[in-house]
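Contents: one structure, followed by commentary.
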Amino acid sequence: MYSPIPQSGSPFPPTVKLPGLHIWRVEKLKPVPVAPENYGIFFSGDSYLVLHNGPEELSHLHLWIGQQSSRDEQGGCAILAVHLNTLLGERPVQHRESQGNESDLFMSYFPHGLKYQEGGVESAFHKTSPGTAPAAIKKLYQVKGKKNIRATERVLSWDSFNTGDCFILDLGQNIFAWCGAKSNILERNKARDLALAIRDSERQGKAHVEIVTDGEEPADMIQVLGPKPSLKEGNPEEDLTADRTNAQAAALYKVSDATGQMNLTKLADSSPFALELLIPDDCFVLDNGLCGKIYIWKGRKANEKERQAALQVAEDFITRMRYAPNTQVEILPQGRESAIFKQFFKDWK
């Protein structure tokens, strides 16, 4: 079970309570602050804590798990999340975010979309800095989606391209936003915005950005990628966001540690649920895993062990139910319930 770091050894600064966005990369059980100019860049081999403090003490704490992050890093991220949540008086709603399956709320913090880069902590130490010669940079990113646009690093080759998406070819001093003939307008706008963001945040504004239409590739692109072959066709269906609001695909469980171990008791196997089932003395699992999400509701009078074990309970539940590892998790303190959570219950105003 994840346990908090002693208060006397808090690795978080007092500024953690200030409004706005705070991001840390987890490194050897320590939170390493991410510079604001690098917000939205995530290394696939790492885990991150993302805290957003909004108005009226409305906070959301996200654990972002990279596809290639180690179990140790993920465990360290969970331990730090428990500590940070306690430090903030257990006010934040907690979310577990998996690379490529982030929540809409998480995506809203990054108007230019996300950029995934290969590697982990070691790669982060050697990434481009203001003193690095930009001419040495050669990276390719695929920009894909309709509602939530993400940029993912790809192999530097025409084989990575298709006609249905947009791609960013970052050559340091020149940044090309290439738009496939069948790409959608949202992808094109995001590709342009992300290319400009790379220029401004990573090149201090000293790079040339060019929007490239499929079939009108400049010589610099051909020089790096070679002669352009016939490209794969894009699949517009892949860009559709699945509807995750089917309230019937749900079940409600009560969490108890009365025996010294965390046990689950099913209270109802279909929604809408009776609101009276949620009592302040306990924690509950709302299983909407078939639609990609698990909720943990923490009663304000539940014991500390149950409250702090919420994330572990969710992860064990996902494993037990054989749901996808990237299933989203949302942990809600009593009084911080979202509208989506409330829709599973009868007459919750």
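Backbone N, Cα and C define each Cβ position, glycine as well.
The annotation N-acetylmethionine is assigned in Swiss-Prot to MET1 on the grounds of similarity to another entry.
Secondary structure at SER338 (phosphoserine), taken from DSSP and collapsed to helix, strand or coil, is coil. Counting every protein chain shown, the Cβ of SER338 (phosphoserine) has 12 other Cβ atoms within 10 Å. Residues annotated as phosphoserine in Swiss-Prot, with similarity to another entry given as evidence: SER338.
Residues annotated as repeat 'Gelsolin-like 1' in Swiss-Prot: 27-75. Break the repeat 'Gelsolin-like 1' (27-75) down by DSSP state and the numbers are 11 helix, 22 strand, 16 coil.
For 149-189, the entry in Swiss-Prot reads repeat 'Gelsolin-like 2'. Sequence-distant contacts of the repeat 'Gelsolin-like 2' (149-189) (same chain, at least 6 residues past either end, Cβ-Cβ under 8 Å): 100, 102, 113-118, 133-143, 195, 198-199, 203, 206-215, 217-218, 220-221, 224-226, 228-229, 231-236, 238-239.
If you look up Swiss-Prot, you'll see 262-308 marked as repeat 'Gelsolin-like 3'.
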